[in-house]
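**Student:** Annotation comment: TrEMBL describes B:37-58, B:100-118, B:130-150, B:156-177, B:198-215, B:256-275 as transmembrane segment. Summarising the annotation, TrEMBL assigns domain 'ABC transmembrane type-1' to B:92-275.
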């Protein structure tokens, strides 16, 4: 863990960011990607980060995942957990079968073979891919690959899931199903999710709380609780109403850059 | 609410399996093994027949006297005769032993050098371009120096073989490591692979196709260097394929010369086919051959 990572004081926080700043480059070419971002994710909370291009969404997830160091501020994870990270592409290892992909984090943690096999089978059943363990990633569809990636991330046994537009490249039907799947897994496993998307409806469908980020530099400009009862449907009027409101604010923010 | 989630998940299950079945339907295509082997073999056989025919035609045209260009039949008989005597096999064994020792050593040097250069920016700045420069140097140009250093000996051949092959292998490793998709590196690190584990689980397998390409090119260079070396560095007590080429030329024994050439050609083809098979296996696993191969 980085020196700026601490355990949050309060047990009611899964991820705690305070005043996180990220600057890329130096001197005159320096770009401020994130400007003093403070944000707490409660245990079991589903938070969606919404913003236009250049709002530093991906930067933020990289920082929380420990793949990059913040230029300033503090990032805290409950129990020093190593959060799981999912990308828009499944990022599966093409030289391994589906099973072996899911097994990688278990191997890296040094679990014995019998236990690994059991866990892999259980995880693949969780994402409804129990029969596809012997396939290779290229033999599966995009949605199936993304589910393998989800199973592989869940194999980390982490309470915190970071998702970087994970369904952005999928068709609407597949995305709809994966929303249901993610919601079920999230509630079964009591995960804390930080989910980045530019799709406002997707945010309204999934989130307990939507956070809107400004662009260049990324700052929190709006935050709203979504208290529509679950399970939700992406085409329900309640979801549409929340989405419309967030879209309006997003438009204002984007328009600010056109002036 | 609980029953709601239950019904919704039953609906989802059916939808998921339906969608999965639609998505991967018709992706499996089976062709029988025999048909595949035949499809790969007949063009080669046809080409071989045409080549032998053309050779025979040239011989028939009396372009050159038969003692300098014998026909395929004469050479074939010579090849059979050679295969029954010890000389060919002794030469073959010597050549193969030299090739194996030289290549294994080149692979070791190439892999270590490539890995070192790929890892260290300072080393890359220092010798990265030198490795490419070495690769462009025709290996035969090293022989005068090698002979001055090691005289007419096995060592001189070994020196040139390694200088010919190692840079190609090192370059394969370097480009393989350089082109590991950053996304896979990020995924690997997030899954807990750091340091050596990252090499073992992500970088090495991701770089494997480029490394195999480097190994293949390295083999081609080492084989050529070896043949050149054996032609030049004759007079060592042991016979070798290259030495037999030189002797047969000096004796104007053209059937022997041509039959030795055929042995060299076939050896090269066999090794090349082995590398080709490895390459295809990797691309199959990676799914690169998936649709394009049909």
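Positions of Cβ are set from backbone N, Cα and C atoms, glycine also.
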**Student:** With a Cβ cut-off under 8 Å, give me the same-chain residues at least six positions beyond the ends of the transmembrane segment (B:37-58) that come close to it.
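**Tutor:** For the transmembrane segment (B:37-58), the sequence-distant neighbours (Cβ-Cβ under 8 Å, at least 6 residues beyond its ends) are 69, 71-72.
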**Student:** What parts of the chain pack near the transmembrane segment (B:130-150), using Cβ distances under 8 Å and only residues at least 6 beyond its ends?
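**Tutor:** For the transmembrane segment (B:130-150), the sequence-distant neighbours (Cβ-Cβ under 8 Å, at least 6 residues beyond its ends) are 113, 117, 156-157, 159-161, 163-164, 167-168, 170-171, 174, 221, 224-225, 228-229, 232-233.
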**Student:** Considering only Cβ pairs under 8 Å, which range in B:100-118, B:156-177, B:256-275 makes the most contacts with the transmembrane segment (B:198-215)?
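**Tutor:** It is B:156-177, which has the most Cβ pairs under 8 Å.
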**Student:** Same-chain Cβ contacts of the transmembrane segment (B:256-275) under 8 Å, 6 or more residues past its ends?
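**Tutor:** Result: 70, 75-76, 78-79, 82, 88, 91-92, 96, 212, 215-216, 219-220, 223, 227, 241, 244-245, 248-249.
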